[in-house]
Amino acid sequence: MTDAQWEVFSYQGVIAAAVLYFLAMLAYFVELASLRTATKEAELATVADRPAGASSAAGAAHPGDDPAEPSRRTQVAGRLGLVLTVFAVVVHLVALVARGLAADPNRVPWGNMYEFTISGTFVVALIFVLTAVRLDVEWLGPLVSTFVVAALMAAFLGLDDAVLPLPDALNSPWLVIHVVSAVISTGAFTIGALLSGLYLVKERSTATTGYLARVPEPKVLDRLSYRMHAFGFPVWTFAVLITGPIWAHQAWGAYWNWDPKEVWAFITWVVYAAYLHARATAGWRGRNAAVLALVGVATLWFNFIGINFFSSSSQHSYAEGARPERSVVLRLAGPVEATQEVGVVVGSDHPRA
Amino acid sequence: MTDLKPDLRQRPSDDRQATALPADLTARELGRWAWRQVTSMRTALVLLLLLALAAIPGSVIPQDNIDSLAVSQWRDNHPRLAPIWDRLDLFDVYGSVWFSAIYILLMISLVGCIIPRLFVYARALRAKPPRAPRHLSRLPESTSYTTDEAPDVVLARAARVVRARRFRVHHVEGEDAVAAERGHLREAGNLLFHLAVIVVLVGVAAGSLFGYKGGVILLNGDDYGFSNNLTQYDDFAPGALFDPDVMEPFSFSITDFDVDWLTEGSRAGMAREFVASLDYETEPGGETKSYDLKVNHPLTIGGTDVFLIGHGYAPVITIRDGEGEVAKSGPVVFLPTNAQTFESFGVVKAPFARPGQIGLEGAFYPTFSMGRDANGDLTMPSSIFGALGDPLISMSLWTGDLGLQDGSASSVYVLDKAGATQVTKANGQPFRMDLRPGESVTLPDDLGTVTFEGVQRWNKIQISRTPGKLVALAGVVLALLGLLGSLFVRPRRLWVRARRQDDGTTLVELGRLDRSSGGDPEDGAAELAEVVAALQDPTGPATTSSNKEEQS
Ligand code: HEM
């Protein structure tokens, strides 16, 4: 196949994956809906039984009526959601590989925001599927599939960018390692944040029916969230505090520049360090820790999306061609006024951390 | 979950919590209380959050040492705020007093927290696993079964079984329970992580105190060379304790420079690959070596790194004055004003020209083109491509006092126009010259001639020496290793108690306590189940495990 064909193929792959995720999302919603009606019916049944003199305990004795035990239809829908997600992940992976093959020379698919988003969502879905194999986290399905569908749509509508060869500064094996680890930890933190968000909602909820009833108790959510963060944090450390500086040193001549992307990667790191401390501090466990996890993910995504619009001086910006690339500022000899400094460019645009 | 007795629940890390201020205070108590606050987890947490918060302004407000051009623009746009920002160090957030205060406090807290924990850890290493709590069934993870075997037999096997599972076991003959513990590496990892944070900070501090970073614009060609001493730099930023004697005595020149321009696609015109061929000597008179200096491919000489960070054009210009003498000849560095098209700006000065000084100021276009507006009318001249397609310089002419003879230093990139006048044509329009390579122009007022001989290239080279960088790197790597231990090692205790019951059978109770933050009851239940299975199978794993024990 030619590069152009690969590119089209990759787009088709992403669309196909998005459709599959969407179907998975529908399946999950069907599951939720039948969960809701099933539990309603069970409630009604219990209520109806009562005047007849049957105790509610007797009502619950019918296996089909037990709100804790989902009906077959519900189970099938949930299974279907997971199976569809698995298919979607496979197609998604193929689309990612195709994207890399579409570039000349072939490269890793992390050259711009579009590519980073399709990679990041892939990791989120993959982590979900891998976790679902080991633990009962199917209840996370509706959230994950909705998130992935939304992010893919945004990537398609807002971030699409042509396949381009990487600028010189990005041609480094460190890029691969750096971005892979950044993408993986972003995926883990994102799922961790979904769990912490659920924790906060569930903690206040007294719902006995519907989705929240399906979600396990807060303690379990908190622990799962912790495990996601405990996995993500070392990977993030590796990405932003080891490979990032090594690469920055090679490409820009200084391992740490306090460039806005670096500042926010550091902020994210510090917030997650605080999260880990919070979980070990009396009075900060639970609620406050969950809030910190949400703050952490907010800084993470702000760094990815927000900072590009906020600050023009980042060497990491994915200048989409419209914005002149960040220039390396020359400090001139002698008593020259700062205003007389002029930018000089070598590396043109650089990617995000 | 039933609340466990605090001594059981307590993790080594929990030993430092902020405490209430004691009621009646001696100075000593106050000091001790204050120290406890500073080294408490809660303080560490708050300081971490403060650090994150304090880092934000530096990403929004331009920073002096990162983008001083943006800072000066910001100053111009906000004349009233700028002095206030200055007083608050907001243009130098990461070097400011308040930012430093936060991380120094954090480091004090860290040291104050680590040292006692090191002692606690050393003691815990030697300590025996704690005795079994009275009610094992109250532990979050517990199980029990009955058997006909004698308690002694069960306990002896239990000791073997858990030892084979790499627990440290404590079993005193005559006691009704076996106590076991494993996962000390978690606390070790945690301590390693926090110590490594200090190592990183030391490494970073060494770099910024003893290191330096400098830049030089070097023309291509063997005629132009750089040797590593202070006078040769265009800009130089030393650390506070920098000693010039550490500068390695290397020298180099750029023999060739290559750019690979993208000619198609939506980023056509963007430059992609840059290679500067370098000839260098590590010391005067040493062997000459070659190196392809590229982005992502710096040259390391001793402890110094040489980076390629920029490039541009230097038109070669010859000025003959009114008396026919060569008043100026050679390449003049022009600085790019556009990163894509390399439209550049520069000045040429001939202060000793007679009858009048000559100053030229203007633009260089690597690929010249007249811009056109929507109606097709000509607008501004511009460059449409960064490579040398159709090079052209377009300059205006100044004469009078260019401020170069009073001895005061002045920049080679600016024309001091205070005492100069612009030369005009007969019709009063400013005189302009548009020259392509090889072309000359005769200046008005018998000032002389200007010839545009050709174009040279230059490279911006950055040279830096960052002494502690490997220390910092080693620190982060250690921190990461410690972190892995700290996050994934599960410290846990396990107890097995066997007691003869009234009916003659033996009740075996097992309890397990996971002391990590991520402890998962499911894993705990699995581990307990495995231990129970091993206990109930006197021929199976228990014997093999005792074999294992002998081997190890
Ligand atoms: C530069 C500042 C600091 C950073 C970046 C930092 C980072 C971290 C991280 C990432 C963890 C998680 C690892 C784990 O859960 O074991 C952790 C745990 C811990 N930190 Fe820090 N820390 C800092 C300062 C401090 C200070 C000042 C203290 C003492 C007051 C402290 C005490 C602890 C303790 C006791 C734990 C273990 C928590 C647990 O058992 O789960 N840290 N720290």
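A Cβ is built for glycine as well, from the same backbone N, Cα and C atoms used for every other residue.
Pulled from TrEMBL:
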DOMAIN    A:110-310  domain 'Cytochrome c assembly protein'
TRANSMEM  A:12-30  transmembrane segment
TRANSMEM  A:80-101  transmembrane segment
TRANSMEM  A:113-133  transmembrane segment
TRANSMEM  A:140-159  transmembrane segment
TRANSMEM  A:179-201  transmembrane segment
TRANSMEM  A:228-248  transmembrane segment
TRANSMEM  A:263-282  transmembrane segment
TRANSMEM  A:289-310  transmembrane segment
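Away from its own ends, the transmembrane segment (A:140-159) comes close to residues 14-15, 17-18, 21-22, 24-25, 28-29, 31-32, 78, 81-82, 85, 88, 112-114, 117-118, 120-121, 124-125, 128, 131-132, 190-191, 194-195, 198, 211 of its chain (Cβ-Cβ under 8 Å, at least six residues beyond either end). Per-residue confidence over the domain 'Cytochrome c assembly protein' (A:110-310) averages 85 (mean pLDDT, predicted model).
Within the chain carrying the transmembrane segment (A:113-133), a Cβ under 8 angstroms from the stretch's Cβ atoms is held by residues 14, 21, 82, 85-86, 88-89, 92-93, 95-96, 99, 140-141, 144, 147-148, 151-152, 154-156, 159-161, 179, 183-184, 186-188, 190-191, 228, 304-305, 308, 318, 320, 351-352, all 6 or more beyond its ends. The list of residues near the transmembrane segment (A:80-101) in space but at least 6 beyond its ends in sequence, with Cβ under 8 angstroms from a Cβ of it, reads 1, 3, 6-7, 9-14, 16-18, 20-21, 23-25, 27-28, 31, 107-109, 115, 118-119, 121-122, 125-126, 128-129, 132, 138, 141-142, 144-145, 148, 163.
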